[in-house]
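Novice: Annotated compositional bias 'Polar residues' per TrEMBL: B:1-14, in sequence order. Annotated compositional bias 'Basic and acidic residues' per TrEMBL: B:38-50, in sequence order. Per TrEMBL, domain 'Transcription factor CBF/NF-Y/archaeal histone' is recorded for B:56-120. According to TrEMBL, the region 'Disordered' annotation covers B:1-50.
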Amino acid sequence: MSQTNSGKDSQASEAKKAISLPISRVRLIMKSSPDVSSINQDALFLTTKATELFVQHLALTSFNNRSQTEANTLNYSDLAKTAEESDTFHFLTDILPKKILAQDYLKTLEQMQDEDSDF
Amino acid sequence: MDGDSSTTDASQLGMTGEYMASSHYVLHPQDDDGEENMNDHEDSGTKENYREQDIYLPIANVARIMKNAVPQTGKIAKDAKECVQECVSEFISFITSEASERCHQEKRKTINGEDILFAMSTLGFDMYVDPLKLYLQKFREAMKGEKGMPGVAVGESLGEDLTDDGFANPLPAGIITADGQQQNVMVYTTTAYPQVQPPVVI
């Protein structure tokens, strides 16, 4: 019988190409959650695919939202800003603290201390 | 102080907790974000939220997806890539724990596709659900069409995992004999490792 699998092979290779993240690593991360015993194949695939969508979504949203529009570069601060302003990405605020320069912080601190000393 | 130049530990900054409570700040002695090693969690105990998992997806993969998502002329800073790498692990854990909870509520032990999709909906990623269902459909069709056993890799990274998890559903295995005939055999498994039939060679 001649190879009738060529159509299915291209479907399979499409499925291969459709995933650009290592599923084994995704599984490892999922397993590190407490009380997770086993994960079915579908769940693993869906999570991996969803993660890809998430990266695209976060990157594009942050890029479009960026504070320095002329620079054309996506920075850490753009991501932190998006996490704070967006409902969807708000769960990231704990791991995306806003960064400020030490000198700015110390300046703010001084101002606060000055205000206190006024009392 | 540790090698890491940033800290949110109030005592190290000589501050009382009050100043830190209103928002999170990470201090940098210089304006050079590129130096910040986002993967270093050895001192994670000093951060306000201690996270146990330090497992990330490879940065090259993450960076590639990001690059393809932004406009062609756009660039991505190194610390942004590292940051998204961490966000990704957070996202996976976020979804997984929600799905796991639902699974437990329904007295099941294996997280299935429905649990994941439900978790996405609940957590505000509703917009992913429909595209994901489509991808899943394609994936399933591709898996059915693959000759050989379900344990055979569709993509190289898939194969190593499929043998580890218990299959919740029986999968048909297509077995091609030497004369090109295809036989379909149902592979059932109730153990952690699927019982796989070797291909028949005449």
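Keep in mind that glycine also has a Cβ here, set from the backbone N, Cα and C atoms.
TrEMBL entries are annotated by machine, without manual review.
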Novice: What is the number of residues in the domain 'Transcription factor CBF/NF-Y/archaeal histone' (B:56-120) that are helix, strand and coil, as DSSP sees it?
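Specialist: For the domain 'Transcription factor CBF/NF-Y/archaeal histone' (B:56-120), the helix, strand and coil counts are 47 helix, 4 strand, 14 coil.
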Novice: If I take every residue in the domain 'Transcription factor CBF/NF-Y/archaeal histone' (B:56-120) and average their pLDDT values, what number comes out?
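Specialist: Across the domain 'Transcription factor CBF/NF-Y/archaeal histone' (B:56-120), the average pLDDT comes out at 95.
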